[in-house]
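So that you can see what the record holds, here are the features copied from TrEMBL:
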{"type": "DOMAIN", "residues": "11-295", "note": "domain 'Major facilitator superfamily (MFS) profile'"}
{"type": "TRANSMEM", "residues": "12-36", "note": "transmembrane segment"}
{"type": "TRANSMEM", "residues": "48-70", "note": "transmembrane segment"}
{"type": "TRANSMEM", "residues": "77-96", "note": "transmembrane segment"}
{"type": "TRANSMEM", "residues": "102-123", "note": "transmembrane segment"}
{"type": "TRANSMEM", "residues": "135-155", "note": "transmembrane segment"}
{"type": "TRANSMEM", "residues": "161-181", "note": "transmembrane segment"}
{"type": "TRANSMEM", "residues": "210-231", "note": "transmembrane segment"}
{"type": "TRANSMEM", "residues": "243-263", "note": "transmembrane segment"}
{"type": "TRANSMEM", "residues": "275-293", "note": "transmembrane segment"}
């Protein structure tokens with residue numbers, strides 16, 4: 001007979017698959033950007049909207065869907081969010097024009113925030129209080145692996161088989177995640193608790209300290225991600241790396257992100273402000289160096 005701990009571990013694995021799927025779709029846009037640009041005969045900057053619109057879907061979908069589903073059972077809610085995720089990628093995979101791709105990315109992005117929030121909450125409820133941090137860290141390994149593999153996989157697959165194949169593969173991965181979570185998550189998952197209204201959340205966001213934190217995040221993460229979005233095009237058009245070798249460099253970049261996440265967490269435990277200050281200086285110098293290699 002399967003004991004309670006084994007059931008919890010299986011459920012955590014199912015949640016980690018969600019994080020992997022979401023991580024892959026977030027970073028895969030970098031690898032497929034040149035292929036999408038060529039397929040629809042649009043500029044690289046226009047093709048970059050697949051990243052922008054996805055982020056917009058996350059930003060709008062997370063608070064709205066969280067409020068709308070607050071009174072539903074978490075298991076049913078997370079399964080519904082996975083279905084939205086799957087539908088978004090099927091729209092992209094069978095898209096006949098760039099507008100449909102953008103719409104699919106918006107739909108997929110809308111489920112992102114809800115999936116992350118629910119997965120973390122459910123993971124914490126599956127284990128004892130002493131294991132909650134490690135449980136959440138475990139499901140985040142799915143996202144970490146996706147960080148290293150998402151972009152290079154997208155590049156390799158889109159180069160040889162077409163840009164739409166990775167998105168259909170992600171839809172398939174979403175189906176697998178749905179089945180795993182349908183089986184693994186306990187039926188007696190708690191109901192979502194009451195949350196603040198949109199007006200209360202807006203009031204909180206407008207607090208000066210919160211605004212400053214958001215601004216730091218936008219400038220810090222945004223600067224790096226803006227460059228990362230076009231990294232595949234930079235490698236091919238500026239440094240003249242052959243298309244079939246771009247995935248190798250993206251693997252290196254992804255591994256560096258995973259290492260940076262680990263080191264950043266450890267540095268932040270000791271002196272978070274000093275660590276953040278040092279990281280931003282190094283990041284700024286690295287991005288500034290692109291000016292000398294962009295022509």
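The backbone N, Cα and C atoms fix where each Cβ goes, and this holds for glycine too.
TrEMBL does not curate its annotations; it predicts them automatically.
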Given 48-70, 102-123, 161-181, the one sharing the most C-beta pairs under 8 Å with the transmembrane segment (135-155) is 102-123
Relative to the transmembrane segment (12-36), which of 48-70, 77-96, 102-123 accounts for the most Cβ pairs at distances under 8 Å?
102-123
Ranking 77-96, 102-123, 161-181 by Cβ pairs under 8 Å to the transmembrane segment (48-70), which is first?
102-123
Does the transmembrane segment (161-181) come close to the transmembrane segment (77-96), meaning at least 3 CB pairs under 8 Å for residues 6 or more apart?
yes
Whole-number mean of pLDDT values that fall within the domain 'Major facilitator superfamily (MFS) profile' (11-295):
83
